[in-house]
Amino acid sequence: MGQFIFVSFGLLVVLLSLSGAGAGFCCPLGWSSYDLYCYKVFKQQMNWTDAEKFCTEQHTGSHLVSFHSSEEADFVVNMTYPILKLDFVWIGLSNVWNQCNSEWSDGTKLDYKDWSGESECIASKTVENQWWTKSCSRTHYVVCKFQA
């Protein structure tokens, strides 16, 4: 009887870990998880406005990626570089110098910053935690994010 309970408990632990229930959330197929959020790199280049619209169409609550710590930015760099090599991805910031209270396109507060210049829209390098200002009409790759 004791062995049956032990085996049953072991199977339950395995099932919970495979289902994502142990972590409390599970991202859709093709999306990567970090700190209760889901992320996906898209190998398509588009301007900032089209990229933000594209992200909102990928999943409910999805927007261009926002960063709230250097660890989160490192996670995205580690996710994007193998796919895109040395390049830029749009992040969810635009027109930040025209606003008193800057926020990400997903509505969250701008509480982590890593600027490298000044312009209308912001792109992040795929090889380091560094943000670059770019004309919003330029085309770059897309990383979308939503809360799981």
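Cβ from N, Cα, C; glycine included.
What Swiss-Prot lists as signal peptide is 1-23.
Its own atom aside, the Cβ of C27 (disulfide bond) has 18 Cβ atoms within 10 angstroms in the protein chains shown. Residues or ranges marked as disulfide bond by Swiss-Prot on the basis of sequence analysis: C27-C38 (among others).
Positions annotated as domain 'C-type lectin' by Swiss-Prot: 34-145. Mean pLDDT for the domain 'C-type lectin' (34-145) in this predicted model: 88.
The N-linked glycosylation site annotation in Swiss-Prot covers N47 (among others). In the three-state DSSP reading, N47 (N-linked glycosylation site) counts as coil.
Listed in sequence order, Y39, K40, F42, F54, C55, Q58, H59, S62, H63, L64, V65 are the same-chain residues six or more apart from C144 (disulfide bond) with CB atoms under 8 A from its CB. Under the DSSP three-state reduction, C144 (disulfide bond) is assigned to strand. Marked as disulfide bond by Swiss-Prot: C55-C144 (among others).
Neighbours of N78 (N-linked glycosylation site), defined as other CB atoms within 10 A of its CB across all chains, total 12. The secondary structure of N78 (N-linked glycosylation site), as reduced to three states from DSSP, is helical. Residues or ranges marked as N-linked glycosylation site by Swiss-Prot: N78 (among others).
The disulfide bond annotation in Swiss-Prot covers C121-C136 (among others) and is backed by sequence analysis. DSSP gives C136 (disulfide bond) a coil state; it is part of no helix or strand. When other Cβ atoms within 10 Å of the Cβ of C136 (disulfide bond) are tallied across all protein chains shown, the result is 18.
Each residue contributes its Cα atom, and for C121 (disulfide bond) and N47 (N-linked glycosylation site) those atoms are 10 Å apart.
The recorded positions recorded for this entry are C27, C38, N47, N78, and the Cα of N47 lies nearest to that of C136 (disulfide bond). Rounded to a whole value, the Cα-Cα separation of N78 (N-linked glycosylation site) and C38 (disulfide bond) is 14 Å. Of all the disulfide-bonded residues given, namely C38, C55, C121, the one with the smallest number of surrounding CB atoms inside 10 A is C38.
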